[in-house]
Amino acid sequence: MSREVTSGLPQDKPTGSAPPPPPPWRRWLLPIGLLVSLVLLFTFPMRPSSGKTLTYSEFLTALHHHDIKTITIHSDGEASGQFADGRPYSTTIPIGLAGSQLLNELENNGVQISARPPGPSLASQVLAGVLSFLPFLLLLGLFAYSGRRAGAGFLAGLPGIGRARAKIFTTERPQTRFSDVAGYDGVKAEIAEVVDFLRSPERYRRAGAAIPRGVLMVGPPGTGKTLMARAVAGEAGVPFLSVTGSSFVEMFVGVGASRVRDLFEEARKHAPCIVFVDEIDAIGQRRAGAGTIVANDEREQTLNQLLAEMDGFEPAQGVVVLAATNRPEVLDPALLRPGRFDRQVTVPLPSQADRAAILRVHCRNKRLAPDVDLDAVARATPGFSGAELANLVNEAAIAAARAGRRDLTAEDFRYARDRIILGRREDSNVLLPSERHAVAVHEAGHAVVAACSENADPVERVTILPAGRALGVTFQLPLAERHLYSESYLRDSLAVRLGGRAAELEILGEASTGAVNDLSSATELALRMVREYGLSPRLGPVSYPVGGSMYLPGGQELTPRPYAEATQQRIDQEVADLLRDAEERARDIIRRNRQAVDELASLLLEQESVDGAVVYQLVGRPVPTPEEHREAAARHVRRPGIAAATGASMAGGSEPRTAASSDDLL
């Protein structure tokens, strides 16, 4: 059973029959009465006391005795002023008598005369008062409407603002099981072991083992961390509390720490249990140092409370915290130490075998045509996460439905892969004839250089059909999973990326802006070879990694440069030399295989897409096989003097995408 936690004191239920509720209109009487009173108060303010009230005869008598000093005549006949001794008075001048004769008499007696223009009418005063209170009325109505929609008014929700927004699963659990999580056998074993700790604690206590306090799952987005938590909730025989890290953040100070306390109080009531915190980096970021100018006291208070609850003076017994994040580098070290998060489980991008298993799970309720080989689809999608594979199957199903078929074909999966990587395809006729020829030459250059390079990934397909910003694409697929990249492989990769530009220079006589994406990716790879991988003889075996997220590519932290300006100049020179050497190698391959490039460009103009086997036939080389790849890989790894980029691939821990190169549309 799933319910929302808003813990508090239990309320006694009435035993007798409750009186009937008042009619709805009565609850509006008091607010309307107060509003009318305020309107009248501000519309008709009390006039100050006007002193002694005189009749018109008494006023004339005082005027003749020179007792009147000033007079102010109103448009409605009312008059007020001061006596000679300064006392105020008021009187009413009859209509028709406040003429020139009275004015002459007032002037003859030395009275200072003033007049007041007519004021607004009663209706206009009431209207002005209502309009002045209209914003207040609208705001009051908005609060009333929101309160009715939420089941309680704004003020009614304030007492529970410090309560944790956690969902508790006790009896009715999610339908997800570990069998629904394909692949990741090691990760599932670690997570299942924690569940077994809580199911059978005595077995571990007899061996002297302590139950881990926390398990942190880290990995790129879309790899199934939250899915793994849902599987734990479905498999666990203990209560499961689920909450997101952002739910602790609120506009009121102290609310985050209060919600952490309330969450663990609720967890202790259900112990033994599991607390799952998704996106824990929202509250677990590293605290500011002593000299830091910018700090977030509210977030740090929330983090401090979380640290105390997990392993403080009174730690939570029988409560295991399961958390997930794709930004482990920003978490506070105190949160990651043993005793809080005893285990860190990495959920990486799936391997080829894992991708095949994930595809089989998502294809359970779909009909596949005989030509569909899910192992081949898995090999064609290196670097895809579990979420992207689910999207791949869904896009293939959409393509089949669009064509009026129930069975998913291999072409549907190829279309879905291209759409995810590149975007929606366009017709090549959108290009000018000269542009279409330039794109064909460009892609032919990529394909021929890749086919003639010993260490490059094999060419799978070449196309000049525009998709997204790409005007053409050369697809390369590795024959096996790569975990280390040798220097020879990286240098051949540079030559392949610059092969399109080299073909333009050799055949067309000039380069174009279509190579901008190739230049960008080649420069980035060369920079990492020199600065991070230690593959520069001039710079030596040093590594200056660029700060940024481990699993979120694209962002870079503003960190101080750990080397001198002279070192930066050497890095720039080495990068330029690597790129020049790669371009010269690519141009040499194009010159030696000019006929193959011309024939492939003609085939692309005619067919728009050419299979990789045709490319190898044109250059006179056999299509690479997995056995040849394994022999070559073993030969390159054992070769002396060849350095490998250890610890991470050239994509920062993830496999490269299948689209090796593309023309960019500017």
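If you go along the chain as it appears here, the first residue is 1 and each next one adds 1.
Every residue, even glycine, has its Cβ placed from backbone N, Cα and C.
Record note: among 544-584, 626-666, 626-666 is the stretch given as region 'Disordered' by Swiss-Prot. For the Zn(2+) site, Swiss-Prot records H442, H446, and the single candidate of D371, D373, D518 listed with them is D518. Residues within less than 8 Å, Cβ to Cβ, of K225 (ATP binding site) and separated from it by at least 6 positions along the same chain comprise M217, V218, G219, D278, A324, N326, V347.
Note on proximity: of the recorded positions H442, E443, H446, D518, the one nearest P220 (ATP binding site) is D518, by Cα distance. Neighbour count (other Cβ atoms within 10 Å of the Cβ, all protein chains): 11 for P221 (ATP binding site). Counting in whole angstrom, H442 (Zn(2+) binding site) lies 34 from G222 (ATP binding site) by their C-alpha atoms.
Cβ-based crowding with a 10 Å cutoff singles out T223 as the top-ranked of the binding-site residues T223, T226. The number of other CB atoms found within 10 A of the CB of G224 (ATP binding site), across every protein chain shown, is 27. Other residues of the same chain near the ATP site, with their Cβ within 8 Å of the Cβ centroid of G219, P220, P221, G222, T223, G224, K225, T226, are A324, N326, V347, S385, G386, A387.
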